[in-house]
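Feature annotations, courtesy of TrEMBL:
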{"type": "DOMAIN", "residues": "34-218", "note": "domain 'BPL/LPL catalytic'"}
{"type": "BINDING", "residues": "R79, G80, G81, D82, I83, T84, F85, H86, A147, I148, G149, G160, L161, A162", "note": "substrate binding site"}
{"type": "SITE", "residues": "K144", "note": "site 'Lowers pKa of active site Cys'"}
{"type": "ACT_SITE", "residues": "C178", "note": "active site, acyl-thioester intermediate"}
Amino acid sequence: MRARRVLEICRMGVINYADALKLQEKLVLDRKAGIIPDTLLSLQHPPTYTLGKRRTDNNLLIPLSDLKKIGAQLHYTQRGGDITFHGPRQAILYPIIALREMGLGARLYVEKLERTMIELSSQYGVRASPGKSGETGVWVEDRKIGAIGVRISNGITSHGLAYNIDPDLRYFKHIVPCGIANKEVTSLKREAEVELPAEDVVQDRLVSCFVEIFGYDSTVWKGSDSLVVTKGET
């Protein structure tokens, strides 16, 4: 009989990307040491472009000197995937979970992240699906609604998914999103034919989809004050 699986969920609100990265690094070490259980950070970022470990700078279509003019930052990371955008009204989940304890490999893990966003979309009448070969993330026909970029270190995950509730889609015009050219980016607000509740309600529903699809038995919800975040430069 397997042990009950508990997930700690931390609502972080809007947090600077550098601060979230430091926090993830700390939590990964704590999870490896068994100090904490599986943990999920639910948050949003100020306007931020991030590049994965492949360093595909050519997919940033705006000069670095112009980033400040549009109120955005750029960060380099060690996650997989290509360039993407994070911003307000985009739901971001960063799972810090032990895949081996769940019997999951990298591919199945990513598929469950896809299913998490697909399930949320369906709750608002939007039919989403995984991308075709070479098209990462989750799509509504040929329009991308959710991005995935993960890092796995000794079986412990970090980074995760970003789901577009109603972000300012103009920011995506300054990049080749996820390195996939000539494809639109969309949002739940644009695709849904029903009126959406407040974005924090939608974000909590995304968390609930994650909990169900990953099969957790119980959850513990915490606020941002339960975690120590070392403030970085803004």
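Any Cβ shown, glycine's included, is placed from N, Cα and C.
With R79, G80, G81, D82, I83, T84, F85, H86, A147, I148, G149, G160, L161, A162 listed as the residues that bind substrate, the site has a largest C-alpha separation of 16 Å. Cβ contacts within 10 Å of A147 (substrate binding site), excluding its own Cβ and spanning all protein chains shown: 26. The predicted model assigns the domain 'BPL/LPL catalytic' (34-218) a mean pLDDT of 92. Shown in sequence order, T50, G52, T77, R79, G80, G81, T84, H159, G160 are the residues of the chain, 6+ apart in sequence, with a C-beta less than 8 angstroms from the C-beta of G149 (substrate binding site). Distance from the CA of K144 (site 'Lowers pKa of active site Cys') to the CA of I83 (substrate binding site) is 14 Å.
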